[in-house]
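Colleague: Once you've had a glance at the structure underneath, I'll fire off some questions.
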Amino acid sequence: MSTAVNTIRCSLLLLGLVGIYTVWISSFRNGLFLRNEEFAGKGQLPGTPNATLRTHFTGIDTLDKALGIFVVFYWPVCQGNLRSLSLIAFPAAVGVGEMWILFALQFSQSNSPTRAMGKMAMFGMGLMLVGPGIFLPIYCSLDLSSTHRLDDSPSSAAEGHLCRNLRSCLLGGYYILVILLALPSPAVVSYGSKQGIIALLQGWPLLVSAMLWLTHLCGKDRTADFQATLSTARTSIYISAMACATISHLVPLLISLLADSSDICPGKVFVPHLAWPSRRVTSVEEGLLRFFQWDYGLGSLALLLWAVGLHIQRRQQISQGINYLRLIPEALFLSVMMSPCGAAALYLYRHNSTNCASKTGDKSGSG
């Protein structure tokens, strides 16, 4: 493994340690988690005094209590009481979906659909339960040492079927639920229904994986040249991931830049607050703003470093040089213009194109 890739792996591990402090430890020290537990214990929802917390979701007491805590935690995000929180929550929600689907493409390279979908489900639950700011840097660091072995694995019709259904299943099992959360309450969606949607979202990776499994069981691949359709499916996913990440990044950024209010200036929305031990939050909304700034920021940066690492790794495997003086400023520029998630999708698209060109060259040479 090259020095550059090793440096990226070490940087990812360092990001994971930073995430443990800024996302978890800091949230304990600044009072966010304590306030969350207080609201859950009283059966109240922060910022909505006329609504009560649901106590029944699944009928299993332990699971219902855990889901109630998650509902209280995410409730201010979908109510829009703090505009800066809404602006950072939009790219964060889209970013989590794009993080998942970009890794799902890597998992689908396994010849076993069951194994691939199992990895998708576990990876997604890791994102939800641990948080992308902690889970993703550590996972990406470990993954860089093994993912390259999948690049030359033979494609299968099952892999093509998974890739063609990834986007539609993610839309139905995740993004539609996120859109429903953005609808006003109680005018359009009742308080109880919105709490149920938040609870359901905690297991969206399992839901999306189950939808993929059903499409795999019910669908039959009638395409003779699945290699061509697989390449098309991958390309469309990378392009849509770039588009979604870029739009969700630029829209809040432009709103923040053009707004007259200093409360939603870019520095207060997108720049993480320093996690000083003595700095307490005055509300759950303020604590969530800090939480998402660090969690989404570190997670998206880890995704970009992982994608760049794969790009470097593959180019070195096929004996192509890397111009680091060009690569570093290019990655920084793309991060500003497209978001780190969008830039990661672009580098993964280049990585996939390099793999396809390499395989085509190998087949031509062997023919």
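Backbone N, Cα and C define each Cβ position, glycine as well.
Pulled the feature table from Swiss-Prot, pasting it below:
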CARBOHYD  ASN50  N-linked glycosylation site
CARBOHYD  ASN352  N-linked glycosylation site
TRANSMEM  8-28  transmembrane segment
TRANSMEM  57-77  transmembrane segment
TRANSMEM  85-105  transmembrane segment
TRANSMEM  120-140  transmembrane segment
TRANSMEM  169-189  transmembrane segment
TRANSMEM  197-217  transmembrane segment
TRANSMEM  239-259  transmembrane segment
TRANSMEM  292-312  transmembrane segment
TRANSMEM  327-347  transmembrane segment
Colleague: At a C-beta cut-off of under 8 Å, are there same-chain residues at least 6 beyond the transmembrane segment (169-189) that contact it? List them, or none.
Modeller: 51, 77-79, 93, 97, 100-101, 197-198, 200-201, 204, 207-208, 210-212, 215
Colleague: Same chain only, please: residues at least 6 beyond the ends of the transmembrane segment (85-105) with a C-beta under 8 Å from a C-beta of the stretch. Say none if there are none.
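Modeller: Distant Cβ neighbours of the transmembrane segment (85-105) are 76-77, 116, 120, 123-124, 127, 132, 136, 162-163, 166-167, 170, 174-175, 178, 205, 208, 234, 237-238, 241, 244-245, 248-249, 251-252, 255-256, 264, 269-270, 285, 288-289, 292-293, 295-296, 299-300, 303, 307, 339, 341, 344-345, 348, 352.
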Colleague: Report the listed stretch (8-28, 197-217, 292-312, 327-347) having the maximum count of Cβ pairs within less than 8 Å of the transmembrane segment (57-77).
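Modeller: Ranked by Cβ pairs under 8 Å, first place goes to 197-217.
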Colleague: Going along the chain, which residues at least six beyond the ends of the transmembrane segment (327-347) come within the CB cut-off of under 8 Å?
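Modeller: Sequence-remote neighbours of the transmembrane segment (327-347) are 91, 94-95, 98-99, 102, 238, 241-242, 245-246, 248-249, 300-301, 303-304, 306-308, 310-312.
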Colleague: Using a Cβ cut-off under 8 Å and a sequence separation of 6 or more, which residues in the same chain sit near ASN352 (N-linked glycosylation site)?
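Modeller: Expected: LEU105, ARG234, THR235, TYR238.
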Colleague: Out of 8-28, 120-140, 197-217, 239-259, which stretch touches the transmembrane segment (292-312) the most, going by CB pairs under 8 Å?
Modeller: 120-140
Colleague: Indicate whether ASN50 (N-linked glycosylation site) is helix, strand or coil by DSSP.
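Modeller: It is in a strand.
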